[in-house]
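According to Swiss-Prot, the protein has these features:
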- Gly8, Arg9, Ser10, Gly11, Ser12, Gly13, Lys14, Ser15: ATP binding site (BINDING)
- Asp56, Val57, Arg58, Asn59: GTP binding site (BINDING)
- 266-284: region 'RNA-binding' (REGION)
Amino acid sequence: MVLMIVSGRSGSGKSVALRALEDMGFYCVDNLPVVLLPDLARTLADRQISAAVSIDVRNMPESPEIFEQAMNNLPGAFSPQLLFLDADRNTLIRRYSDTRRLHPLSSKNLSLESAIDKESDLLEPLRSRADLIVDTSEMSVHELAEMLRTRLLGKRERELTMVFESFGFKHGIPIDADYVFDVRFLPNPHWDPKLRPMTGLDKPVAAFLDRHTEVHNFIYQTRSYLELWLPMLETNNRSYLTVAIGCTGGKHRSVYIAEQLADYFRSRGKNVQSRHRTLEKRKT
């Protein structure tokens, strides 16, 4: 059974995550004090029910040792997993402005910006030991729920899920990436007026990139690197591996490369997902 601990900065989507986990059959508790985690787990152990608990800055233990002690006292039937949700500072500020809610630390006479920064410092002990960090900056409520369903169901099946995501460096590097590869040195379809409106998912762009030897070499060497270390990653109690491929805008080269790598590992029987951050952002 799984004990999913959901944490993250306020406004990053913890309530959405908890609702998604409840839909997946988890017994969910919002803002349970850390010291009560072992008691909850023992209560649910006999019923064979996986649980999800949210922890935010209001019920953080006074010291990391208290959290470690609670984890050590969990029944052996439970496998604890820590999910940490985050978003960039500007996104969190915008979400608070849209909802007009008060930040949990606002009562300490802090501005919203200062409260967000302070919260980040207080939650760092949890973030540093998270099994999965999810950046929700560009996600809608439905996208976050769907992403959690695909990733966490894979985790419960103890199967490594390889996630290949494209992005644009001008929009920032994904904070949930395990590996980041820069493909800005490859030939750029952007400079062809006919290809500029298209994306790396379109056949003319794929044909353009497929004509270049350096593109083939990059794909071959990247997949060879991943194949070399994949067996160790699979035996290291991991459930996911996020590989981010970045070009300038996240529209052509990174999309094509991410899809090529995803197709290759999918053909090898791996559990593979692909997503394209810039293209998804353009849809919203």
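Just so you know, glycine gets a Cβ as well, placed from its N, Cα and C.
What Swiss-Prot annotates, mapped onto the structure for a quick look.
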| residue | record | Cβ neighbours (10 Å) |
| --- | --- | --- |
| Gly8 | ATP binding site | 26 |
| Arg9 | ATP binding site | 26 |
| Ser10 | ATP binding site | 21 |
| Gly11 | ATP binding site | 24 |
| Gly13 | ATP binding site | 25 |
| Lys14 | ATP binding site | 22 |
| Ser15 | ATP binding site | 13 |
| Asp56 | GTP binding site | 20 |
| Arg58 | GTP binding site | 12 |
| Asn59 | GTP binding site | 16 |
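The subset of binding-site residues (Asp56, Val57, Arg58, Asn59) lying with their Cα within 10 Å of the Cα of Ser15 (ATP binding site) is empty, i.e. none. If you measure from the Cα atom of Lys14 (ATP binding site) to that of Asp56 (GTP binding site), you get 9 Å.
With a cut-off of 8 Å between CB atoms and residues at least 6 apart in sequence, the same chain places Ser10, Pro104, Leu105, Glu119, Leu122, Leu123 near Val57 (GTP binding site), listed in sequence order. DSSP assigns Gly11 (ATP binding site) to coil, not to a helix or a strand. Within 8 Å of the centroid defined by the CB atoms of Asp56, Val57, Arg58, Asn59, the record's GTP site, lie the Cβ atoms of Asn31, Ile55, Met60, Pro104, excluding the listed residues themselves. Around Ser12 (ATP binding site), the same-chain residues six or more apart in sequence whose CB sits under 8 Å from its CB are Leu85, Asp86, Ala87, Leu92, Thr136, listed in sequence order. Neighbours of the ATP site: apart from Gly8, Arg9, Ser10, Gly11, Ser12, Gly13, Lys14, Ser15, residues of the same chain with C-beta atoms within 8 angstroms of the site's C-beta centroid are Asp56, Leu85, Asp86, Ala87, Thr136. On the backbone, the CA of Arg58 (GTP binding site) and the CA of Gly11 (ATP binding site) stand 14 Å apart.
If you take the Cα of Gly11 (ATP binding site) and the Cα of Asp56 (GTP binding site), they are about 11 angstrom apart, rounded to a whole number.
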